[in-house]
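Features reported for this protein in TrEMBL:
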BINDING   ASN83, ARG84, HIS178, ALA179, TYR180, ASP245  beta-D-galactose binding site
ACT_SITE  HIS178  active site, proton donor
ACT_SITE  GLU309  active site, proton acceptor
Amino acid sequence: MTEVKREVFGQMPQEEGGEVVEKFVLKSDSVKVEILSLGCIIAALETKGRDGEFSDVVLGFDTVEGYTRKHPFFGAVMGRVANRIAKGRFTLDGKEYQLFLNNGPNSLHGGARGFDKVVWSPQVLPNGVCFFRLSPDGEEGYPGDLKVWVTYTLSGGELAINYRAQTSKTTPISLTNHAYFNLAGQGSRDIYDHEISIEANYYLPVDDTKIPTGEVAAVQGTGFDLRQPVELGKHLQKFRLEGFDHNFCLQQMQARRLVARAHHPPTGRAMEVHTTQPGIQFYTGNNLDGSLKGKGTVTYPKHSAFCLETQNWPDAVNKPHFPNALLQPGEEYNHTTWLVF
């Protein structure tokens, strides 16, 4: 059985509409997760270690203010398009669209005010919560009225995140959740003692602005071969890697499949990622720098968390040989990701 509780978390600043932000607490025997109506943010996720003790394993803030100030998308849903679009530009039916540039020369995670920065309409379900919003035609430069539903359900040790969308005009779309995990517990110094594996034979090399070059490269014989578990700190050292911020190419299937696993041997905590999405962005918190004060006033230094963001491939709208990035009127975008603890 999953318990679902609904409470007030805080209020948006007056200049941003002053809306009430609610928190939904989903609780099973082995997992407790807190989700906000602001940005569909996973604000806390507690899971048991081998000692039976619960620990919160996601980075975030204690207050609405933390989430309304600049931060690296902790726990939020990214949209309309997760990840980067080169030069914030794409062409559809002969018309060029220009998006806001918020990541050097590129557009990242939906632009200036993406799905992470707005309050969604919630509906409580027996074992979870469904959030809805209408992204109006032209929002952040994207075409079409886009209806979006994001549903979180908890069953035992499994948190399912389902993304659905329908559009009035052809539009690019790629939705993901940007939770930052540290299985030692949020606020722990680094993730070097985590073991990571990703079921991918190929990855996307990127240019110096993190846009895929277009090449789909084999992981074999490179530091990107994570098909067998690697201890992260030793692996980064061995291959002289600054960290990961790359898309790994998953088998093209509509069926659920296991795509990644993280394990923290000292506590015994583990997390599996299953999805129907075509890609997963593995990010090791390279841009965290200790300047943000998170929950319980802890700071988050570089490499103190990892993200496993299931999504379409970055910049797919500009690369015809990548998986289809477009949603047409009359079609439905529908993807699910399962986090298993």
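Cβ coordinates are placed from backbone N, Cα and C, and glycine is handled just like the others.
No curator has checked TrEMBL annotations; they are predicted automatically.
Separating the Cα atoms of HIS178 (beta-D-galactose binding site) and GLU309 (active site, proton acceptor) is a whole-number distance of 6 Å. Residues within less than 8 Å, Cβ to Cβ, of ASP245 (beta-D-galactose binding site) and separated from it by at least 6 positions along the same chain comprise VAL206, LYS210, GLN281, PHE282, TYR283, THR284, ASN286.
Note: the Cα of TYR180 (beta-D-galactose binding site) and the Cα of the residue listed as 'active site, proton acceptor' are spaced 10 Å from each other. Reported as a whole number, the C-alpha separation between ALA179 (beta-D-galactose binding site) and GLU309 (active site, proton acceptor) equals 8 Å.
Taking CA atoms as the reference points, GLU309 (active site, proton acceptor) and ARG84 (beta-D-galactose binding site) are 13 Å apart.
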